[in-house]
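Step one of this worksheet: look at the structure below.
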Amino acid sequence: MPPRALLLVDLQNDFCAGGALAVPEGDSTVDVANRLIDWCQSRGEAVIASQDWHPANHGSFASQHGVEPYTPGQLDGLPQTFWPDHCVQNSEGAQLHPLLHQKAIAAVFHKGENPLVDSYSAFFDNGRRQKTSLDDWLRDHEIDELIVMGLATDYCVKFTVLDALQLGYKVNVITDGCRGVNIQPQDSAHAFMEMSAAGATLYTLADWEETQG
C-alpha cells in the first residue's frame with residue numbers, strides 16, 4: 001500500500017490566539033496535530049505542512065484597499081474577502097506554532113506568495129493558474145492518501161481538501177483538528193458537508209485512532 005501523509009494546514013501564529021487573524025480556538029488544533037504526528041511517526045508515515053507566506057503588499061489585505069477587514073470584494077477577477085494583514089513573510093506571525101512538533105515535519109509548502117491573487121489551497125492559487133510544489137512532492141514520494149487537519153476549516157482546509165480530491169487523492173479529514181473563521185455562523189459546518197459530499201471521509205481523532213489501529 002502506498003504511504004499516507006499527514007498534511008497540517010497553516011498551523012501558524014497569526015491564526016492562533018493573539019495573532020493578526022486569530023481563528024477562534026485555533027490553538028486547540030495543536031494538541032491534535034501533535035498526537036497525529038506521533039501516530040504517523042510510529043507508522044513511518046510522512047508529516048508535511050502548508051504555510052501561508054504573504055508579501056507585505058498582498059492584495060488580499062484590507063489595508064491595501066482602504067477597507068475594513070472582512071469586507072467582501074474582488075481580487076484577480078475572483079470573489080475575495082479582504083483580511084487583516086497576516087502571515088507576512090519572515091514575520092513572527094507567519095511562523096508555525098511554537099508548540100507544534102516541527103522537527104517531525106518533512107517538508108513545508110509556502111502559498112500565497114503572489115501579491116495579485118490569494119491562495120487558500122495548499123495545491124493551487126484561487127484562480128488555479130499556479131501550482132505549489134505539493135502535488136509534485138506527493139507524487140514523487142508515491143503518496144496517494146492524505147490525512148488533513150488545520151486552519152481554517154472554511155477556507156484553507158476546505159479548498160486544500162477539494163483540490164486534493166480533484167487531483168485524485170484519497171482524503172481523510174480530522175474534524176476536531178480543524179477550526180473555522182465562521183464569518184457566518186454555519187460556515188464550518190457547511191465546509192465539512194462540502195468536503196464530505198466531494199468524497200472526503202470525516203473522522204474525529206478518537207474515531208481515526210480506533211478505526212486505523
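Cβ coordinates are placed from backbone N, Cα and C, and glycine is handled just like the others.
What Swiss-Prot says about this protein:
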type: ACT_SITE; residues: Asp10; note: active site, proton acceptor
type: BINDING; residues: Asp52, His54, His86; note: Zn(2+) binding site
type: ACT_SITE; residues: Lys111; note: active site
type: ACT_SITE; residues: Cys156; note: active site, nucleophile
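Long-range C-beta contacts of Lys111 (active site), restricted to its own chain and to partners at least six residues apart, with a cutoff below 8 Å, comprise Ser50, Gln51, Asp52, Trp53, Ser119, Ser121, Ala122, Asp125, Thr132. Close to the recorded Zn(2+) site, the chain also has Gln12, Asp14, Leu21, Trp53, His58, Ser60, Trp83, Asp85, Cys87, Val88, Gly93, Ala94, Gly112: residues not among Asp52, His54, His86 whose Cβ is within 8 Å of the site's Cβ mean position.
Less than 8 angstroms from the CB of the residue listed as 'active site, proton acceptor' sit Ser50, Gln51, Asp52, Cys87, Gly150, Leu151, Ala152, Cys156, each of them six or more residues away in the same chain. When secondary structure is read from DSSP and collapsed to three states, His86 (Zn(2+) binding site) falls in the coil class. For Asp52 (Zn(2+) binding site), the Cβ neighbour count at a 10 Å cut-off comes to 29, with all displayed protein chains included.
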